[in-house]
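Asks: Can you read through this structure? Questions will come right after.
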Amino acid sequence: SLVQFETLIMKIAKRSGVWFYGSYGCFCGSGGQGRPQDASDRCCFVHDCCYGKVTDCDPKTDIYTYSEENGVVVCGGDDPCKKQICECDRVAAVCFRDNKDTYDNKYWFFPANNCQEESEPC
């Protein structure tokens, strides 16, 4: 679920997903079009693509199971669809963490009209 995604971002990237990525670049936040503007925006592009491959459950609302083992988030549970959502969220949170140093405030609340280029395929 989106609430769990926020929790994973806080755990892994040590920052608020809603605040930092709720409206960033062309892909972070609701919707997405154009080309990713930087590495953090690309994290969101890949996350959108990952959610797009989920067919048997709802990534935005379905609750998944995960645990922490030696500080590492491990997705679990018996439902393969929910596990897939968890993996999408976990990979994105790791991506945000790994690209914090190139996060650029100029892409915060980036106008959608700057995202008119043709999108690359997932």
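Using N, Cα and C of the backbone, Cβ positions are placed for all residues, glycine too.
Feature table excerpt (Swiss-Prot):
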ACT_SITE  His47  active site
ACT_SITE  Asp89  active site
BINDING   Phe27, Gly29, Gly31, Asp48  Ca(2+) binding site
DISULFID  Cys26-Cys115  disulfide bond
DISULFID  Cys28-Cys44  disulfide bond
DISULFID  Cys43-Cys95  disulfide bond
DISULFID  Cys49-Cys122  disulfide bond
DISULFID  Cys50-Cys88  disulfide bond
DISULFID  Cys57-Cys81  disulfide bond
DISULFID  Cys75-Cys86  disulfide bond
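Each of these features: where is it, how hidden is it, and who are its neighbours?
Replies: His47 (active site) carries a helical DSSP state (H, G or I). Taking the Cβ of His47 (active site) as reference, residues of its chain lying under 8 Å away and at least six apart in sequence are, in sequence order, Phe27, Cys88, Asp89, Val91, Ala92, Cys95.
In this structure, Asp89 (active site) is part of a helix by DSSP.
According to DSSP, Gly29 (Ca(2+) binding site) sits in a coil region rather than a helix or strand. Of all the Cβ atoms in the protein chains shown, 16 others lie within 10 Å of the Cβ of Gly29 (Ca(2+) binding site).
Annotation for Cys26 (disulfide bond): same-chain Cβ neighbours under 8 Å, separated by at least 6 residues, are Gly32, Gln33, Gly34, Arg35, Pro36, Gln37, Asp41, Phe45, Phe110, Ala112, Asn114, Cys115.
Over all protein chains present, the Cβ of Cys44 (disulfide bond) has 22 other Cβ atoms lying within 10 Å.
Taking a C-beta cut-off of under 8 Å and a sequence gap of six or more, Cys43 (disulfide bond) has these contacts in its own chain: Tyr21, Cys28, Ala92, Cys95, Phe96, Asn99.
For Cys50 (disulfide bond), the Cβ neighbour count at a 10 Å cut-off comes to 18, with all displayed protein chains included.
A coil conformation is recorded for Cys57 (disulfide bond) in the three-state DSSP classification, outside any helix or strand.
Taking all protein chains in view, 26 other C-beta atoms sit within 10 angstroms of the C-beta of Cys86 (disulfide bond).
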Asks: Taking DSSP three-state, what's Cys75 (disulfide bond) in: helix, strand or coil?
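Replies: For Cys75 (disulfide bond) - judged by DSSP and reduced to three states - the answer is strand.
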Asks: Of the binding-site residues Gly29, Gly31, Asp48, which one sits closest to Cys81 (disulfide bond) when you measure Cα to Cα?
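Replies: So, of the listed binding-site residues, the one sitting closest to Cys81 (disulfide bond) is Asp48.
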Asks: If you measure Cys57 (disulfide bond) to Cys86 (disulfide bond) at Cα, how many Å is it?
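Replies: Distance between the two Cα atoms comes out at 12 Å.
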Asks: Given the recorded Ca(2+) site (Phe27, Gly29, Gly31, Asp48), which additional residues of the same chain have their Cβ within 8 Å of the Cβ centre, ordered by sequence?
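Replies: Going along the sequence, the neighbours come out as Cys26, Cys28, Ser30, Gly32, Gln33, Cys44, Phe45.
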